[in-house]
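Taken from Swiss-Prot, the feature domain 'PTS EIIB type-2' covers 3-96. The phosphocysteine annotation in Swiss-Prot covers Cys9. Summarising the annotation, Swiss-Prot assigns active site, phosphocysteine intermediate to Cys9 and lists similarity to another entry as the type of evidence.
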Amino acid sequence: MTVRILAVCGNGQGSSMIMKMKVDQFLTQSNIDHTVNSCAVGEYKSELSGADIIIASTHIAGEISVTGNKYVVGVRNMLSPADFGPKLLEVIKEHFPQDVK
């Protein structure tokens, strides 16, 4: 199985696109089987079926509501692997250990 990440920002065009690339690079280097997509906060509900983990800035993460086996990771610096990396890896290792190579 592949863990599916959704990067969310206010408009879905700027920071979520960059965060998508940063998360992809980080997870590839961490040997995590994954896919990453991005969208605006107003679109996340329509994208939930294709995501296991939603990653967003802390203020946007507070607006995101999920149920079931879906998880929200709020980060202060969306572009810094030093900030989002440990939080994201913790969720993946706890809930999606089969995706860690």
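Note that Cβ sites are derived from N, Cα and C of the backbone, with glycine treated the same way.
Across the range of the domain 'PTS EIIB type-2' (3-96), the DSSP-based residue counts are 44 helix, 25 strand, 25 coil.
For Cys9 (phosphocysteine), the same-chain residues that are 6 or more apart in sequence and have a Cβ closer than 8 Å to its Cβ are Ser15, Ser16, Met19, Ser38, Ala40, Val41, Ala56, Ser57, Ile60, Met78.
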